[in-house]
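Taking it in order: structure first as structure tokens, then the write-up.
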Amino acid sequence: MPDRSTKTTMGTEDMHERKVSVEPQDSHQDAQPRGMFHNIKFFVLCHSLLQLTQLMISGYLKSSISTVEKRFGLSSQISGLLAAFNEVGNVSLILFVSYFGSRVHRPRMIGYGALLVATAGLLMALPHFISEPYRYDHSSSDNRSLDFEASLCLPTTMAPASALSNGSCSSHTETKHLTMVGIMFAAQTLLGIGGVPIQPFGISYIDDFAHHSNSPLYIGILFGITTMGPGLAYGLGSLMLRLYVDIDRMPEGGINLTPKDPRWVGAWWLGFLISSGLVVLASSPYFFFPREMPKEKHEFHFRRKVLASAASTASKGEDLSSQHEPLKKQAGLAQIAPDLTLVQFVKVFPRVLLRNLRHPIFLLVVLSQVCTSSMVAGMATFLPKFLERQFSITASFANMLLGCLTIPLVIVGIMMGGVLVKRLHLSPVQCSALCLLGSLLCLLFSVPLFFIGCSTHQIAGITQDLGAQPGPSLFPGCSEPCSCQSDDFNPVCDTSAYVEYTTPCHAGCTGRVVQEALGKSQVFYTNCSCVAGNGTVPAGSCESACSRLVLPFIVLFSLGAGLASITHTPSFMLILRGVKKEDKTLAVGMQFMLLRVLAWMPSPVIHGSAIDTTCVHWALTCGRRAVCRYYDHDLLRNRFIGLQFFFKSGSLVCFTLVLAILRQQSREASTRTTVKSSELQQL
């Protein structure tokens, strides 16, 4: 904050400018216009782009979560923890940032935070560059081989040594794996720390220096542009996952994989590099914005205000004080306690937190938002993977569905909620009724989702129900002479019986041919003793017979998500109108902190753990459980949609209680008013 002499100088210069402005010539400000870095509109543009790119980089991991699992052998529980770990860094520092408010150079702090976010994105991509090339077939000992040897049925005496032992495992291998995972967790923590100052400092800066009538418009534009970030993240993920993971170090001659192959791993790391570059570009203007800029004057009333200020000395003094009033505002939580030290602030905060938590409306609305946010966090993290596994579609197509349908409908829902609150001037009771209606409709749209999906197809030796005909086991008699690796994964499909084998070896195949058709190569395995007919099977998993159901599923799911998002603005208004005026700033800060701690941190882990319980076949790496290769689709659908249904039901119950309490308070207030009126009439 400027000292007294600085304020006096600023006031003298401002009064001089006002005196000059009444002359026939143009004002001094018009004669010497300030640069674009002293224009709050340019700051709004820059901040919109920065928050857009920040959400791109934070949302990109969710778009490639299943790919990262396959590449580094992670369970869904661990990947969910990884996706939620950026909230750890965010929550650990949010109180300190809220305390400091405008006591620091906010634009520069935003710039430094953005550079940390970009650094975190680069760290997320680092494991790709320090790890060995991806091996999609364990039967080859040469990591850089163009065409990995097929895992064929070979007699034990002819099998290579690598096929009979897990010789690639060592303490060095496990240490390297832990290092890769540790780097990604550190990057996610840094991502959360870097994002701490960006939104609160940006909003407070806009509110301080924008005209009071323009501030809501600017913040609305900011959020409108920002909400496109997750959609762009899923779109970027859709594009990047079509490229092979080792596109920068492809073996000569290419690979024999397509994106439909379950072993396919896309270029997950490339999206982090692109997003990081965009964040760096968006952060560069912040180092040129001033700590404080002149208060924006309303465009249509500027000259009238200038003439009025010149007509009266008293008016000058009032205008001058109003001109500098925003400079005295403290952004964040320090606004209500500017004289407290940091230690005193930390001591006061728990008492204010408990006071607000004892407020029934605040508590119930926050709990409903926790339920909704838990649903959204689980959806954003694992819905692409769910679609990929449930309907046997590619990761790229799953991301495209979310980015093109689900995210836009959520944005429309948020906008509709805001428009309804503004246009209809909804009271707290009406806001709670709107929230209740949105939650109820969202819940109803979720019911059909339990019945739309694909059952697990027959997998030899893994699924128990193989139909009327007895199916082969993992080591049937037809493949007993073969030396098959139990941890190898190179699926083939017997299209005549619609049975999938984990490797050609388990199907008893001894030969392999590659056929060229329409510019594409197709791999076939021949002389398969476990396959009827000509004994030939194509490489790859069996195609799902109900993949077309993904469209009605995602439409219903997206409509439900859009209806749930209608509650965003009215529930926020319930908090603002339901707490004491002096607690509003703290209430909003506590709301976001509680949502992070109770929803955005645990929900991805909860959803990931639920998904892991539906796995029927795990890949093993050095004796430890790694990525899941096959799920029980019916169980996966029931548990994933069931979790979503549970959180939606919790939100509905909370909003029902809020509406009941507000109606009771309204009736009591009406009764008191009637009694007072009767007493006055009697007097």
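Glycine is no exception: its Cβ is also placed from the backbone N, Cα and C atoms.
Annotation note: Cys509 (disulfide bond) sits in a coil segment as assigned by DSSP. Residues annotated as disulfide bond in Swiss-Prot: Cys478-Cys509 (among others).
A simple way to gauge crowding: the CB of Cys505 (disulfide bond) has 27 other CB atoms within 10 angstroms, across all the protein chains here. Per Swiss-Prot, the feature disulfide bond maps to Cys484-Cys505 (among others).
Under DSSP, Cys530 (disulfide bond) is assigned to coil, being neither helix nor strand in the three-state scheme. Taken from Swiss-Prot, the feature disulfide bond applies to Cys493-Cys530 (among others), supported by sequence analysis.
According to Swiss-Prot, the domain 'Kazal-like' annotation covers 472-532, on the basis of sequence analysis.
Per Swiss-Prot, the feature N-linked glycosylation site maps to Asn143 (among others).
Sequence annotations record features per position, and here Swiss-Prot assigns N-linked glycosylation site to Asn166 (among others) based on sequence analysis.
The N-linked glycosylation site annotation in Swiss-Prot covers Asn527 (among others). Sequence-distant neighbours of Asn527 (N-linked glycosylation site): residues of the same chain at least 6 apart with a C-beta under 8 Å from its C-beta are Gly508, Cys509, Thr510, Gly511, Gly535.
Under the heading N-linked glycosylation site, Swiss-Prot lists Asn534 (among others), citing sequence analysis as support. Asn534 (N-linked glycosylation site): 10 other CB atoms within 10 A of its CB, across all protein chains.
Under the heading region 'Disordered', Swiss-Prot lists 1-30.
Marked as topological domain 'Cytoplasmic' by Swiss-Prot on the basis of sequence analysis: 1-41 (among others). Averaged across the topological domain 'Cytoplasmic' (1-41), the predicted model reaches a pLDDT of 50.
The topological domain 'Extracellular' annotation in Swiss-Prot covers 62-80 (among others). Shown for the topological domain 'Extracellular' (62-80): DSSP residue counts in helix, strand and coil, namely 15 helix, 0 strand, 4 coil.
Taken from Swiss-Prot, the feature topological domain 'Cytoplasmic' covers 102-107 (among others), and the record attributes it to sequence analysis.
Per Swiss-Prot, topological domain 'Extracellular' is recorded for 133-177 (among others), and the stated evidence type is sequence analysis.
Taken from Swiss-Prot, the feature topological domain 'Cytoplasmic' covers 208-226 (among others).
Residues or ranges marked as topological domain 'Extracellular' by Swiss-Prot: 248-265 (among others).
Here Swiss-Prot flags 291-355 (among others) as topological domain 'Cytoplasmic', drawing on sequence analysis.
The stretch in closest packing with the transmembrane segment (227-247), judged by the count of Cβ pairs under 8 Å and taken from 42-61, 108-132, 178-207, 356-377, 398-421, is 398-421. Residue density at Cys478 (disulfide bond): 16 other Cβ atoms are found within 10 A of its Cβ, drawing on all protein chains shown. Listed disulfide-bonded residues: Cys484, Cys493, Cys509, Cys530; maximum Cβ neighbour count within 10 Å falls on Cys509.
With a cut-off of 8 Å between Cβ atoms, the residues of this chain six or more beyond the topological domain 'Extracellular' (378-397) that come close are 59, 62-67, 69, 76, 80, 83-84, 230, 234, 237-239, 241-242, 259-260, 264, 266, 406, 453-454, 541, 543-544, 546-547, 549-550, 553-554, 557, 561, 603-604, 606-608, 611, 631, 633, 636-637, 640, 643-644, 647.
The two recorded residues, Cys530 (disulfide bond) and Cys478 (disulfide bond), show a Cα separation of 5 Å. Remark: the transmembrane segment (266-290) makes no contact with the transmembrane segment (356-377), by the rule of 3 or more CB pairs under 8 A. Remark: the transmembrane segment (356-377) contacts the transmembrane segment (554-576), by the rule of 3 or more CB pairs under 8 A.
When each of 42-61, 108-132, 398-421, 554-576, 586-611 is scored by its Cβ pairs under 8 Å to the transmembrane segment (645-662), the top-ranked stretch turns out to be 554-576. In this chain, the transmembrane segment (554-576) lies apart from the transmembrane segment (42-61): fewer than three C-beta pairs between them fall below 8 angstroms, excluding pairs fewer than 6 positions apart.
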